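The active site feature in Swiss-Prot is assigned to Asp128; the stated evidence is sequence analysis. The substrate binding site annotation in Swiss-Prot covers Leu75, Cys76, His77, Met113, Glu114 and is backed by sequence analysis.
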Amino acid sequence: MPELTHFDAAGQAHMVDVGGKQETKRIAVARGSIRMLPETFALIRDGNAKKGDVIGIARIAAIQGSKRTADLIPLCHPLALTRVKVDFELDETLPGVHCTVQVETLGRTGVEMEALTAVQVGLLTVYDMCKAVDRGMTITDVKVLEKHGGKSGDWVAG
């Protein structure tokens, strides 16, 4: 099993030194879903949610979340992101919404945490905008689907 990089020899948490790493293109894709009542799904699909355009606001929130990851996750490096692509898919059979985010940078460390944070913030925004009609919504299956770049190379979920 690989060693945990965020702990020093004494077991103390620290921010990993990435200064000696080469800058490479880094890409990560993450995805998650929010399940809801059919009536809530219909409000989103039909654009009738009282708070407005649920998907449009959630998309902006996801982008903002990716940019603020280092403020939320203590040992994450602040990164200059070069691209954040957010896709929402309405799924009537769930019923619910899937959120997929691709984050890119040219840097010394990966962007998995930024992609995961973006997905969570996007889905939390859907919850916030619809909680008045459906407090039982469930955010589920949030995970990294793939990552590219860096010393460890490419990885795709099985």
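In case you wondered, yes, glycine gets a Cβ from its N, Cα and C as well.
Taking each Cβ in turn and tallying the other Cβ atoms within 10 Å, the top scorer among the recorded positions Glu114, Asp128 is Glu114. Of all Cβ atoms in the protein chains displayed, 22 besides its own lie within 10 Å of the Cβ of Met113 (substrate binding site).
Take the binding-site residues Leu75, Cys76: by the count of other Cβ atoms within 10 Å of each Cβ, the lowest one is Leu75. The substrate site is set by Leu75, Cys76, His77, Met113, Glu114; from the centre of their CB atoms, other residues of the chain with a CB within 8 Å are Thr69, Ala70, Ile73, Pro78, Leu79, Thr109. In the three-state DSSP classification, Leu75 (substrate binding site) falls within coil. With respect to their backbone Cα atoms, Glu114 (substrate binding site) and Asp128 (active site) stand 21 Å from each other. Secondary structure at the residue listed as 'active site', taken from DSSP and collapsed to helix, strand or coil, is helix. Neighbour density for His77 (substrate binding site): within 10 A of its CB lie 16 other CB atoms from the protein chains shown.
A Cα-Cα distance of 28 Å separates His77 (substrate binding site) from Asp128 (active site). Taking every pair among Leu75, Cys76, His77, Met113, Glu114, the residues listed as contacting substrate, the largest Cα to Cα separation comes to 12 Å.
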